[in-house]
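Per TrEMBL, these features apply:
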| type | residues | note |
| --- | --- | --- |
| BINDING | Cys95, His137, His141 | Fe cation binding site |
| ACT_SITE | Glu138 | active site |
Amino acid sequence: MTLRPILIHPDPRLKKVADPIAEVSSEIRKQADDMIETMYDAPGIGLAAPQIGVMNRLLVMDAQRDPEAKPNPMVLINPEVIWESEEKNVYEEGCLSIPDQFAEVERPKMVRVRWLDVDGKTVEEEFDELWATCVQHEIDHLNGVLFIDYLKPLKRQMITRKMQKLKRERARG
Ligand code: K1U
Ligand code: ZN
């Protein structure tokens with residue numbers, strides 16, 4: 001497995017709509033393995049392919065809160081939200097592409113999602129609480145949407161400027 005570098009906002013690839021995966025090949029399974037390793041290493045509870053510069057519709061997540069629990073990563077290929085609850089939930093979100101910035105975002109509390117697993121089989125599941133927030137955050141990445149897009153323009157601009165500064169500093173080494 002290979003750790004893949006995570007893109008930092010602003011980057012045009014984080015604003016693009018990713019392409020559906022036509023076939024769940026061994027190359028796609030290798031991409032999923034690399035993304036799982038990269039997510040745990042970050043550490044994060046989710047990661048979407050555009051965050052590593054791969055413009056396809058694959059995400060991984062493990063939003064288990066119990067640090068004692070065995071890792072149980074999920075791989076979702078071509079995920080679609082097929083139902084969302086009217087009830088909302090507010091969660092303080094972070095993003096591996098926007099390090100050290102957090103803000104409250106309101107989203108549906110529960111969602112039902114359909115996707116293909118690594119064997120190419122169709123799966124459907126309902127997610128609640130942090131899992132629901134995480135899967136919606138990751139599907140947003142596949143559609144070129146970041147959690148800061150839900151914030152007021154001034155706050156979004158402030159975070160973007162901080163990230164531009166961070167990228168300049170990292171480039172200087
Ligand atoms: O997509 C990403 O950038 C990953 C992101 C997912 C996410 C976090 C919070 C709410 C919604 C979606 C992260 O994983 S940020 C890091 C993080 O939340 C975390 C890291 C270590 C332990 C626990 C949480
Ligand atoms: Zn993110």
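Backbone N, Cα and C define each Cβ position, glycine as well.
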Any further residue of that chain within 8 Å (Cβ to the Cβ centroid of Cys95, His137, His141) of the recorded Fe cation site: Gly46, Ala48, Gln51, Glu93, Leu96, Ser97, Glu138, Asp140, Leu146, Phe147
Assigned conformation of His141 (Fe cation binding site) - DSSP reduced to three states: helix
Set of same-chain residues at least 6 away whose C-beta sits under 8 angstroms from the residue listed as 'active site': Gly46, Leu47, Ala48, Leu59, Met61, Leu76, Pro79
Cys95 (Fe cation binding site): secondary structure state under DSSP, collapsed to three categories: strand
Close in space, distant in sequence - His141 (Fe cation binding site), Cβ under 8 Å, 6 or more apart: Leu14, Ala18, Ala48, Ala49, Pro50, Gln51, Leu59, Ser97
Spatial neighbours, same chain, of Cys95 (Fe cation binding site) - Cβ under 8 Å, 6+ residues apart: His9, Gln101, His137, Leu146, Phe147, Ile148
Cβ-Cβ neighbours of His137 (Fe cation binding site) (radius 10 Å): 23
